[in-house]
Amino acid sequence: MHPGAAIIFFMSAQFLISQVAYLVLRRAPFLRRRISDEGKRRLSFRPMAAAAAVSRDGLKKGIAEFYDESSGIWENIWGDHMHHGFYEADSSATVAGHRAAQVRMVEEALRFAGVSDDPLKKPMRIVDVGCGIGGSSRYLAKKYGSQVQGITLSPVQAKRAQDLTMAEELADKVSFQVADALEQPFPDGQFNLVWSMESGEHMPDKEKFVRELARVAAPGGIIIIVTWCHRDLLPSEEELKPDEINLLNKICKAYYLPKWCSAADYVHIAESLLLQDIKRADWSDNVAPFWPAVIKSALTWGGLTSLLRSGWKTIKGALVMPLMINGYKKGLIKFAIITCRKP
């Protein structure tokens, strides 16, 4: 798409979604009552990107409710992989190719981390941290014949993940539970592969998050973190620029995100924990077609009707989708992979 046309499209998408949300709030009594009951706090809670004072319990509750509400619409349009797709450079993504790109994201992450397909070396025990409705868990179980356990804060996601798993006759290999990634309900050293696909951005304590990933990893186990980050700071900088912080704050309000960090921060944490074979890569260009595709899917009749039925939290998420694109285009938001191995 020509850059000028892209800008017009994104602005039109944002305007249309805003107008639809306005009409819904004006004409749908049940939504007006719901928002009134929740109070103004839900509509204007304080920014989190700059270390705002939001309690951990409040953040967990917000994340759980957001995914309880929004997972159904996502599954209806995008299937059971609740994460970005991986696109080859300069490729033109087709509608049919987007779900394939999400599977490619899983495969590229495994390839980058050096996870072996050798029957004698493949991971037989896997944890999926922030499992969504279990797309990655089931894929990994089928690929490796592994036992996979998934955790999520969302009871709705955990139940849907288990239902889908039973439908695919994988219940003997894959299971799910509601649990906190910062306090995983597993003993030390249990998993050969520790998998976190786009859950790190929700963690209020990134060091504790990585420490928990390392704790449950078996000796020699591989840890894969695929996550949204902000850009690395320059040597002369102590923090992001005010306009960058402001943009991240707006995104945080909709997606229940605490303070952002950079990929370099993840590397420093891994180094401090004496993890080995630490690697990182910036995949921002490889996910560039994804957010325009999400917006386009939201503007279909099915997408709009599902959006309006889903509730206010999901509508807020739709309203800031163009901000995600803006952040990527500015080089502020990065889509990063960080992998390492427990000694």
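For all residues, glycine too, the Cβ spot is worked out from N, Cα and C.
Automatic prediction, not curation, is the source of TrEMBL annotations.
According to TrEMBL, the feature transmembrane segment maps to 6-25.
The feature region 'SAM motif I' is assigned by TrEMBL to 126-135. Listed as Cβ neighbours of the region 'SAM motif I' (126-135) (distance under 8 Å, sequence separation of 6 or more from its ends, same chain) are residues 67, 71, 75, 79-83, 102, 141, 144, 146-152, 157, 160-162, 164-165, 174, 176, 181, 184, 186, 190-200, 202, 213, 216.
Feature annotation from TrEMBL assigns domain 'Methyltransferase type 11' to 127-225.
Residues or ranges marked as region 'SAM motif II' in TrEMBL: 189-197. When pLDDT is averaged over the region 'SAM motif II' (189-197), the result is 98.
Per TrEMBL, the feature region 'SAM motif III' maps to 216-225. Long-range Cβ contacts of the region 'SAM motif III' (216-225) within its own chain (Cβ-Cβ under 8 Å, at least 6 residues beyond either end) map to 109-110, 113-115, 123, 125, 127, 184, 186-197, 200, 210, 266, 275, 337-343.
Long-range Cβ contacts of the region 'SAM motif II' (189-197) within its own chain (Cβ-Cβ under 8 Å, at least 6 residues beyond either end) map to 83, 105-106, 109, 115, 123-130, 136, 140, 146, 181, 213-227. Look at the region 'SAM motif I' (126-135): DSSP puts its residues at 1 helix, 4 strand, 5 coil.
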